[in-house]
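A.B. asks: Straight from Swiss-Prot, here's the annotation block:
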- 17-29: compositional bias 'Gly residues' (COMPBIAS)
- 44-53: compositional bias 'Gly residues' (COMPBIAS)
- 95-105: compositional bias 'Polar residues' (COMPBIAS)
- 142-192: domain 'bHLH' (DOMAIN)
- 1-132: region 'Disordered' (REGION)
- 142-155: region 'Basic motif' (REGION)
- 156-192: region 'Helix-loop-helix motif' (REGION)
């Protein structure tokens, strides 16, 4: 068995057992051990111990040096080692954060590029067809369809006629609401109709009485009679010839009442 690897292993264990109190002494021991290993490996290679073992020792020597340098930096008890570890940790964190930020930026850029590509590929939606009729903002109770213009004109005419009727009917301006206005107008028209009927009946009665009075007196005696209807009033006689020329009884009554009565003083 070759004593070089065993000696290297024993020297390797010494820094871990030494702990943090050794400080710089542990580092020097490791450097001496590494140099001894290299010397033994060179001697064995020069002594002809075997080509394969020498090559393996040469390969293991730089690895041991790297590990020893790492152990010196981490296991050293002084403040210099801790400062190095802290600075390395900060550098590592800074590099990691910068890497994360760069990755986020690249992801955002790729997303924006994909979105722009998708927007370019997808065409905009077609515009809705325009309506043939003119859209008018509807008031309360008004339609906005294609027949809205004619409907609005008809309602405006109705409202104008209602205003005219309100002006004709007395006291209708005080009423509020179309239904109540129509009721007032209907009642007024019915009252006028009843008055007209009453006046027509009275006129028929007067005409019948006048006709009966004319038939009671013959035409030859009609002109010679003088009627005293009231004290102090005289009645001018009318000749039958003037009555027979085409005057109706109603006209004759109007003439007698209107201009043939004179007050005697």
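Backbone N, Cα and C define each Cβ position, glycine as well.
Given the structure is predicted, the values throughout are model-derived calculations rather than measurements.
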A.B. asks: Which residue counts does DSSP yield for the region 'Helix-loop-helix motif' (156-192) in the helix, strand and coil classes, in that order?
C.D. replies: 28 helix, 0 strand, 9 coil
A.B. asks: Which numbers of helix, strand and coil residues does DSSP report for the compositional bias 'Polar residues' (95-105)?
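C.D. replies: Across the compositional bias 'Polar residues' (95-105), DSSP assigns the residues as follows: 11 helix, 0 strand, 0 coil.
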A.B. asks: Over the domain 'bHLH' (142-192), work out the mean pLDDT and round it to an integer.
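C.D. replies: Overall, the domain 'bHLH' (142-192) comes to a mean pLDDT of 83.
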